[in-house]
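The next block holds one structure in the form of structure tokens; read it before the comments.
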Amino acid sequence: MGDLQLQAGGSDGGCFGVRRGAPDGRTPGAPCGGHGRGQPGRRGVVARLREGVHQVTRIAVLTGGGDAPGLNAVIRAVVLAAEGLGWECHGIRDGFNGLLAPATCVGAPVQRLTAHHVHGIGHLGGTILGSTNQGNPLRFPTRAADGAVTETDRSDEVVALCGRHGFDALVVAGGDGTMGIANALRQKGMRVVGVPKTIDNDLDRTFSTFGFDSAIGFATECIDRLHSTAHSHHRVMVVEVMGRYAGWIALHAGMAGGAHAILIPEIPFDLDAVAAAIHARDSAGRAHSIVVVAEGAQMAGGAREIQAPASGGHEERLGGIGARVTAMLEQRTGKDCRSLVLGHLLRGGSPSAFDRVCGSRFGAAAVRALAAGHDGVMVALGEAGINLVPLAEVVGRSRRVPVDGDTVLTARELGICMGDVPPGSSAS
């Protein structure tokens with residue numbers, strides 16, 4: 001069955017492609033009681049959006065999980081698009097903590113947002129609403145007097161509190177965990193639209209997420225700078241980057257920065273192959289090497305490096321693989337090897353132009369979707385523009401680097417060691 005199309009006007013691909021197959025049998029994206037057909041042209045779109053205004057008059061927006069450059073562009077777009085339809089928009093602070101733990105919030109836990117509040121925030125990093133990865137309402141942590149932490153499902157309370165505030169719908173910006181929460185709230189009757197956010201670029205069903213471009217831009221700059229010092233001292237520099245279980249940041253930043261070896265979670269690596277590549281460079285008169293390693297990368301037959309196990313509603317915290325690779329390469333090569341962890345630096349700073357535009361498109365598209373009667377969907381970047389994807393098709397799935405894809409193939413053709421020894425080739 002083909003995708004439904006809701007034309008948004010213009011020739012830049014600004015349209016919705018709505019996937020069929022909602023859990024309740026209703027087409028995600030089809031207005032309640034309607035058949036989901038759009039009127040062509042800008043006039044038809046405006047007319048259709050106005051028709052949906054009576055269904056929604058007040059919405060709320062929140063940001064969950066780790067911060068990412070571009071979140072403020074999303075918030076700004078949601079507020080301005082909502083005001084354009086005559087809606088009220090409110091911001092919920094610190095993810096769902098603004099509803100479930102208001103005393104922990106700095107500032108008003110729920111605040112009316114207008115064009116005045118979002119003026120000039122599009123270029124700012126972080127999120128003016130604050131965020132947290134510790135307030136999952138499906139497993140909300142509560143600490144007892146003795147320090148023991150218990151987890152309680154408070155999602156029904158979220159729905160009730162939204163009703164008490166008079167919110168007709170939620171716009172939720174976050175990663176896989178936040179999209180899972182949004183899907184659960186939708187199943188409890190809350191109208192919700194998700195906005196994909198992660199620097200890791202690992203959310204399924206969208207070609208890209210905002211924050212990724214900013215992250216790889218900064219990582220590339222760092223790698224560029226490391227070349228000069230590594231060259232001066234004939235060193236091996238190992239750069240550990242974020243990415244969780246996907247190697248998008250390491251692969252793209254490594255290629256852009258001219259790394260000589262890139263280690264990603266999708267390809268278990270052999271340090272002997274990496275050491276051989278470094279020796280080959282030495283033999284060719286190139287005495288320095290740059291190795292970029294994703295935090296979730298692991299040696300063939302080995303386990304991932306974990307700083308902290310999953311507990312209390314927290315996912316396991318990855319990290320440490322860079323230091324381990326550095327020590328083992330020093331043993332194998334006899335060279336001076338140094339490590340650098342970029343860590344949360346990748347989350348900070350102003351968003352790139354792409355992320356500002358992407359965040360703005362996502363935020364406006366979320367409001368447009370609600371006005372047209374859609375809910376239970378995530379806005380996503382597709383080949384021809386913005387798609388609407390059922391949240392149920394996103395939750396629990398991740399988008400990983402295809403090991404036989406064009407980008408990995410290109411890296412190999414550039415002579416970059418991927419940590420393995422592909423059939424028919426040498427380690428160097």
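Note: Cβ is positioned from N, Cα and C throughout, glycine not excepted.
Unlike curated records, TrEMBL annotations are generated automatically.
The substrate site recorded in TrEMBL includes Thr198, Ile199, Asp200, Met242, Gly243, Arg244, Glu295, Arg338, His344, Leu345, Leu346, Arg347, and the single candidate from Arg191, Arg235, Arg332 that the record places there is Arg235. Same-site candidate for ATP binding, as annotated by TrEMBL with Gly175, Asp176, Gly177, Thr178, chosen from Gly66, Gly285, Gly296, Gly301: Gly66. Of all the binding-site residues given, namely Arg244, Arg338, Arg347, the one with the smallest number of surrounding CB atoms inside 10 A is Arg338. For Arg347 (substrate binding site), the spatially nearest entry among the binding-site residues Gly66, Asp176, Gly177, Thr178 is Gly66, judged by CA separation.
Between the two most distant C-alpha atoms of the annotated substrate binders (Thr198, Ile199, Asp200, Arg235, Met242, Gly243, Arg244, Glu295, Arg338, His344, Leu345, Leu346, Arg347) there are 33 Å.
For the domain 'Phosphofructokinase' (58-370), the mean pLDDT of the prediction comes to 94.
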